[in-house]
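Enquirer: Checked Swiss-Prot, it gives:
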- 592-616: region 'Disordered' (REGION)
- 26-65: repeat 'WD 1' (REPEAT)
- 71-110: repeat 'WD 2' (REPEAT)
- 113-152: repeat 'WD 3' (REPEAT)
- 164-203: repeat 'WD 4' (REPEAT)
- 206-245: repeat 'WD 5' (REPEAT)
- 248-287: repeat 'WD 6' (REPEAT)
- 290-329: repeat 'WD 7' (REPEAT)
- 350-389: repeat 'WD 8' (REPEAT)
Amino acid sequence: MLTHKTCQARKKMQVSFVIRDAEEKQHRNGVNALQLDANNGKLYSAGRDAIIRVWNTRTDSSEKYIQSMEHHNDWVNDIVLCCNGRNLISASCDTTVKVWNAQKGFCMSTLRTHRDYVQALAYAKDREQVASAGLDKAIFLWDVNTLTALTASNNTVTTSSLTGSKDSIYSLAMNPSGTVIVSGSTENILRIWDPRTCMRSMKLRGHTENVRCLVVSPDGNQVVSGSSDGTIKVWNLGQQRCVQTIHVHKEGVWSLLMSENFQYIVSGSRDRNIIVTEMRNPSNKTLVCEEQAPVLSLGYNIDKTGVWATTWNSDIRCWKLPMYDRCTMNSSGGMDAQWTQGGTEVACIKGGAAIKECAVLNDKRYIITKDSQDQVVVYDVLRVVKKEQLGAVDYEAEVKKRNKQVYIPNWFTVDLKTGMPTIVLGQEEVDCFSAWVSIEAGLPECVDPTTEIKINYGKLLLEALLEYWTPPHSIPPNEMEPDMHGNGYFQVPKHTPVIFSEVGGRTVCRLLVRDAAGDSESTLLHETAPQWVTDVVIEKNIPKFLKIPFFLQPHPQMTKPERTKKDRLVANEFIQCRKVCEHVLEKVLNAETTPSGGNANNSLQNSQSDANSEGSQLPAEERIELWCNDVVVDPNMDLRTVRHFIWKQSTDLTFQYKTKQNFNYDGSIGDSLERVTRKY
């Protein structure tokens, strides 16, 4: 027996998992941020598929993948390299900031200070200080050396906060010496703080929409901002005003890079264009390239002759930057540069396809998806695997073809935000224990023809996901009883990520199926797993059956109009209509369901006995016909399927029964029917 910690104030929890390959070498969605370690040529990319990947940009090979860094479970919005490339800090929509060993690729610690999506990070290299900000309007300052020293026992960290923001923060920047920090938000203004004192020094107005990207000059005197209003603005902090507005894009500016001398701007936009502009002379500009989708992030290559770009798509491309042949002084005192040809794609890190559409089949075990490359795939939710790759076929036609006329309650939801199928189990709008099915229908590959077992999809799946969890402080099993782990029918892939999170909120715990056996993971599960999970996984409790009330009455052909009184019955919703036929035959009509025996006294009695014996050997569904809404019901249908597809009303389901034409009752049976009808 396990004593599980309970708390009345604990928030409602859900469990989710991702159906994926053991190693996902390609991004499966857009890439939000880039960081290059120029010392070794490693490029770090933060994906909307919740994975940070590391690439070798020094190789000419198409295989640039080095490793994946996995511990987030939602979009990774920003990353910064620190400590000379030894560590990496990441910010995510899962509301966490994580500290990584950049060389070995593992998560060292998780910071849960933010209460909403963490959108942006800023880094002061000279002070080894990082700032984080997000949709909770909060900005926190972190000492990197303290973060990288955190351990399981030394896990307390203090942070300074910068207050005053009145709306969601989408951009953040610091200068290397850490004397200035700037934030941009949906207030459409820039707020400036001194991170040394945590005091706000000014706010700057001028943009008319969200401020999406920021760069601070090394001396802390200038700020360049890009906004959803399509403009780039240059701000002088000493004068506390905008000194220049640059119009080179037709849509929002989402990413900015500055040259080392802070004279040239490389900008990426929602209009898909990447443009180089001279800051003092904005008319001196050139188009680097037009990407295939809105540009999310930019980063220089090692020698700064090119720029890496990411978009809504999963590819990462490096484009050659135009060079300057010669410069001449123009009438305004600026330099007119003669641009060489740029825009050549010099490298490409290919991404994978993101799932864009999903249909849950009526059997509530399989889903069919369509991705950004029009590939259609069938997934087995129960076994957590890809079942069938159908190729570029007609998606709607496949869904229609594979949908059976069966109704099973929804017991999971599907989230496609990361580009991979994430299955969510909970107890709120969709009850993960609502799907009871016969083992013959739900697991035909495990059928024992001698049994009529009913299985619960949600229970089986949770038992498989947490098969390796052995709770701490649990009483050892009786030696005479087997130590039951898993569900006894199947296992799920051991690499499957399992996430425990608050409903509509923060992530509490993430682990792989195979890691649940670890001491720390087991303890964490004990502390965070909701009671409804431990009830079925640890306590082995059986989820309750859902019942359906229904009426049963003779068909008009079976009795006189005044003898149509209805019986009101209640049964488990998953029982098949053949069971209702048996009830009618045995309890209502009082007919024999086994061959009758005994001696006959004359030839008439013998013939009647033979006829009854022959008829009683037939299954009930071959002797009784059920009708609903003037439709003959398939005896293999269950009650919930009849209610959903045939009855289609909010009132109680109603059946009418009658005997089949090839099976006739004698007068005595008719008398029995009349008596039973009166009785009921």
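Including glycine, each Cβ sits where the backbone N, Cα and C put it.
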Enquirer: Using DSSP, break the repeat 'WD 1' (26-65) down into helix, strand and coil residues and give each count.
Expert: 0 helix, 20 strand, 20 coil
Enquirer: DSSP on the repeat 'WD 3' (113-152): how many residues come out helix, how many strand, how many coil?
Expert: 4 helix, 18 strand, 18 coil
Enquirer: Count the Cβ pairs between the repeat 'WD 1' (26-65) and the repeat 'WD 8' (350-389) that lie under 8 angstroms and are 6 or more residues apart in sequence, then report whether there are at least 3.
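Expert: Yes; at least 3 Cβ pairs under 8 Å.
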Enquirer: Six or more residues beyond either end and a Cβ under 8 Å away: which residues meet both conditions relative to the repeat 'WD 3' (113-152)?
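Expert: Answer is 77-83, 86-87, 89-93, 95-97, 99, 158-163, 165-178, 181, 183, 185, 193, 195, 198, 506, 520.
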Enquirer: May I ask for the residues of the chain that lie six or more residues beyond the repeat 'WD 8' (350-389) and have a Cβ under 8 Å from a Cβ within it?
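Expert: For the repeat 'WD 8' (350-389), the sequence-distant neighbours (Cβ-Cβ under 8 Å, at least 6 residues beyond its ends) are 17, 19, 24, 26-31, 49, 62, 313-316, 395, 398-399, 402-412, 414, 416, 419-421, 423, 435, 441-443, 457, 460-461, 464-465, 490, 492-493, 496.
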Enquirer: Take the repeat 'WD 5' (206-245) and count its residues per DSSP category (helix H/G/I, strand E/B, coil), listing them in that order.
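Expert: So the counts come to 0 helix, 22 strand, 18 coil.
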Enquirer: Which sequence-distant residues neighbour the repeat 'WD 7' (290-329)? Criterion: at least 6 residues beyond either end, Cβ under 8 Å.
Expert: 26-36, 38, 41, 43, 45, 47, 49, 55, 57-58, 251, 254-257, 266-274, 276, 335-354, 372, 419
